[in-house]
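All remarks here apply to the structure that follows.
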Amino acid sequence: MSETTEAATAAERNTSADEAGKAVFSVRNLWKVFGPKAERIPHDESVTGLSQAELREKTGCTAAVRDVSFDVRKGEVFVVMGLSGSGKSTLVRCLTRLIEPTAGTLEFNGDDVIGMDKDRLRELRRHRASMVFQNFGLLPHRTVVDNVAYGLEIQGVGRAERRARAAEMVTKVGLDGLGERRPGQLSGGQQQRVGLARALAVDPEVLLFDEPFSALDPLIRRDMQEEVIRLHSEEGRTMVFITHDLNEALRLGDRIALMRDGQVVQLGTPEEIVANPADEYVRDFVRDVPREQVISVRRAMRPCKKGEADTGAALEPDTLVVDAVEAVARSGEHCRVVENGRTLGVVDNARLLNVVAGLTGEEDGGEQKAVAAV
Amino acid sequence: MSTTTLTQGKDGAPAAGAGEQLRRGLAGRPALMALIVVLVALVAGAVAFDGTWPKALTFDVKGPLDDASNWLTDNRATSPLFLYFLLHISNWSEGGVDYVFTFLSNLGWLGVTVLATAASWWVAGAGLKARALRIALLTACIFAVFGVLGLWEYAMSTLALMIVAVAASAVIGVLLGLIAGLSDRGDRILRPVFDTMQVMPAFAYLLPLVLLFGIGSPAALVSTVIYAAPPMARLTSLGLRGADPAALEASRSLGAGSWQRLWTARLPLARKEMLLGLNQTIMMALSMVVMASVIGAGGLGDKVYQALAKDNVGMSLIAGVCIVLIAIWLDRVTAAAGDRLESSPGSAPAGDTGALTLERLGARLIAAALVVFAVVASLLGPVGERSWPTDWTASVSAPITNAINSFTKAISDGVPVLGGTDVWAAHFTSWVLNPMRDAMQAAPWWGVLLLVAVLAWLAGSWRAGMTGVLSLAVIGVLGLWDKSMDTLSQVIVSMVCTLVAGLVIGILAARSRWVMRLIRPVLDVMQTMPQFVYLVPVVALVGVGRPAAILAAVIYALPAVIRITAQGLRTVDPAALEASRSLGGTGWQQLRQVQLPLARPSLMLACNQGVVLVLAIVVIGGLVGGGALGYDVVYGLQKSDLGVGLSAGVAIVCLGLLLDRLTQSAGAGKRGGTK
């Protein structure tokens, strides 16, 4: 777990260097409004500020996605999180226009998706972005291999070739020997593995996950999350992941967009969101998160006092608090946070306990300045 | 009218004075009070007036209808409608049926039996599995029975008509189903059509078709297609609409075009429903093909019909048995195909694994041999003997007929003390049917209209009342009031018998597992049998007459009523039932307080279904002495008399509308009332 998070944050830092060039999806001011004369809502200044209830009362429309902007960077796992009805599933369907956006711009590797005609859109769906669904969406009359090969069949790939590639994918997701079964004979977790293999089989640039593991029970869900983490570390494929489960979001996401009532209320790394909630809603949301497993010592440290800079074990700034606790407890003294040979600060019992107790209120997210509430 | 109110007042007064309490109880229920007033008025009116619809209010439809019929007969050879449209249909269907019949007889009896057996075996899953072999054996036996009973030719001509009719119905049904399933507007247009077809007794549209196509196989074929295509269409549409939306979305997300989606996802996802639709279509087609013997379809149905007319019970029973055998055969085969579809791990079109097992190789060889055999037969003419060898049959069928004849005679009036079935039927007629009919015919027409209106109002919908009153008025205007009241009395008696028996058996079946196990196979067989066949044992038992028609109707409608009742009672929310049990409710209390109230929608549906089914048989009852409207329809069909037949048909449809709307609104009204 800690390893992947480290790798993820590292990857994030690498991509952030030249993010403009490497955005896979670039979404700007995207709207999706359901209801009569929906297309007028995004441009009508008098209603865009209204709450959902007021909007419905006044216009009869529901804005599932309102004025959403974000970039999905190449190679990252971008998680969209929100409770049911927050518009996250609508948002992900807008990305390949399974649901037609009402307004806004949407680019895929620099290509304007909104302006695509039928053929180019089909091309996008066939080769470049494929999706994994909450309810699997498997075809019950086909065998596992034929289900996995379905995307290739639609592309017009010949029978032998697509079955060979499908068999490869079946192995990849750990379903060896089940290729000739039907979906009805598989467990929920296995079925979703088939869904995953089907999406992978077309070798897309982006994988879109729409609450893929919500229908699975907790143990299987954990397995599947490991599977996604494994796939991501092996292939480095860009993923957009929709979930309503905060722990899942924190586990998988390089960056998380938290949605509420169709709007993105906060966008940031898991650590930023947990340590620095944007508003009361987010604070409420992350209240029960085990903070020591998300927050790094960079955030937990305080400036060195005299003499401290030379003693104590050295920790990387990205070390999680939970790991630092062990080091501090073992040595019985403070630890130093060292980056490139330079000591940034120190963490001790009190600092780490504050994190666990949720007492480090960091208003500005500043690394060096420690605002002790005690 | 003023005298009427007077009578009403006179009779009403003692009723009101009878109990102050009663009146207070009714004060809150104006509708109930109105009902009582109407009933009192009805009795009074029946005593004081002639109940028949007044002559002045009738409209003579016979003249114009006869003109139309004459025009049709005169112009059949010249009118463009016939030349460019109907004639083609007629020729195609005639040619198709002839072709298939010739093909079957060219195959010879051995060829047909082998081909049918092999086909059934293949549909049931091929291979050496027990089920496939059992069905193959069943098929071979059934075809042998046709031969042994001496009805080979008849069975073949029924089969030929069936093959063409089912093929046409399935194609048309799937096309209509695609329209209704893929387009909302198509659904809006087609749904009421399907609904009407489901309620309409098949006999109602035989007559116009006879006029258009003349007596013979084209009319029979077209009417069969009209009758049998709707379930296919309905279920196709249902399957298309009910498909897992996630699978369709997945298909779309992978970039499938609309045709690709239809072929790879929509249709395969709907195939369970489509197969069920095909099963229903086949069963309904058989039912109609048999019934269409009245308009010259020939085959087994004709044999039954002729034998009934000659009062040859034995022969009609034998032909009836053959029809039942065909029904069982077709039902088993399609059911086996359906089961195979549900539980097939890689057996269906999974020849893709490439591994050609011995079993599969054998199946292919046999199939290839059969195809060659069939092609040779159709090209070169008869292979072997065309018809079942006569010396294998003559000795069997005559004794069976005689045995049956003497047995039924013994049962009908030879039972000592008890009297026998004929005697009971006579009692039933004089004690129940006649008084009922006389009362309904004597009741004043305006009173009946009023009664219907109030009943519908009570049931919860004034619109249903309007429909009912209008339907009755149409009947009156057609000048069929008395006959319709006769038919209505039969329908009501049948309905009451059906509902009482059906509800009792249904409750028993729902509450006791072994009753259910006992009657389920019986219900299965009964529901697959063609309507026409029900007449045969009934006539054998009680002879020709109204009791026979009523008994046939009850037997025909009973399975559906039992099934729906039992189903409704058993699917009652188990939590509610458990709660009742945890409070210490007895079995009876559970039934009365929880199961029956919660199953009310199902019970009303059972009632409604019962009405529709009973009405479908009443017409056929005309063939066995049911008289009244049914007889008129049959007479009209046989004599091609549009005036008599069509107006009676319309009257039956009106009765159907009336009863259907009344029972339906009763169900809907009560459900709405629980808000």
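Residue 1 is the first one shown; counting continues down the chain.
Including glycine, each Cβ sits where the backbone N, Cα and C put it.
Residues annotated as transmembrane segment in TrEMBL: B:31-49 (among others).
Positions annotated as transmembrane segment by TrEMBL: B:99-123 (among others).
If you look up TrEMBL, you'll see B:135-152 (among others) marked as transmembrane segment.
Look at TrEMBL and you will find B:155-334 (among others) tagged as domain 'ABC transmembrane type-1'.
Under 8 Å from some Cβ of the transmembrane segment (B:158-182) lie the Cβ atoms of residues 93, 96-97, 100-101, 104, 190-191, 194, 217, 220-221, 224-225, 228-241, 262, 266, 270, 274, 277-278, 281-282, 285-286, 288-290, 297-301, 323, 326, all in the same chain and six or more residues away from its ends. Under the heading transmembrane segment, TrEMBL lists B:158-182 (among others).
Residues or ranges marked as transmembrane segment by TrEMBL: B:282-301 (among others).
Taken from TrEMBL, the feature transmembrane segment covers B:313-330 (among others). Sequence-distant contacts of the transmembrane segment (B:313-330), counting only residues of its own chain at least 6 positions beyond either end whose CB sits under 8 Å from a CB of the stretch, comprise 120, 138-139, 142, 145-146, 149, 151, 154-155, 158-159, 162, 282-283, 286, 290, 300-301, 303-304, 307, 397, 400-405, 408, 525, 528-530, 532-533, 536-537, 539-540.
Feature annotation from TrEMBL assigns transmembrane segment to B:361-380 (among others).
According to TrEMBL, the feature transmembrane segment maps to B:442-459 (among others).
TrEMBL lists B:465-481 (among others) with the feature transmembrane segment. Non-local neighbours of the transmembrane segment (B:465-481) in the same chain are 52-53, 57-61, 445, 448-449, 452-457, 629, 632, 647-648, 650-651, 654-655, 657-658, 661-662; each lies 6+ residues outside the stretch with a CB under 8 Å from one of its CB atoms.
Per TrEMBL, domain 'ABC transmembrane type-1' is recorded for B:484-663 (among others).
Taken from TrEMBL, the feature transmembrane segment applies to B:488-512 (among others).
Taken from TrEMBL, the feature transmembrane segment covers B:532-558 (among others).
For B:610-631 (among others), the entry in TrEMBL reads transmembrane segment. If one looks beyond the transmembrane segment (B:610-631) by at least 6 residues along the same chain, the residues whose Cβ comes under 8 Å of a Cβ in the stretch are 198-199, 201-204, 291, 294, 305, 308, 480, 483-484, 486-487, 490-491, 494-495, 498-499, 502, 531-532, 534-535, 538-539, 544-546, 548-550, 552-554, 556-557, 560-561, 648, 651-652, 655-656, 659-660, 663.
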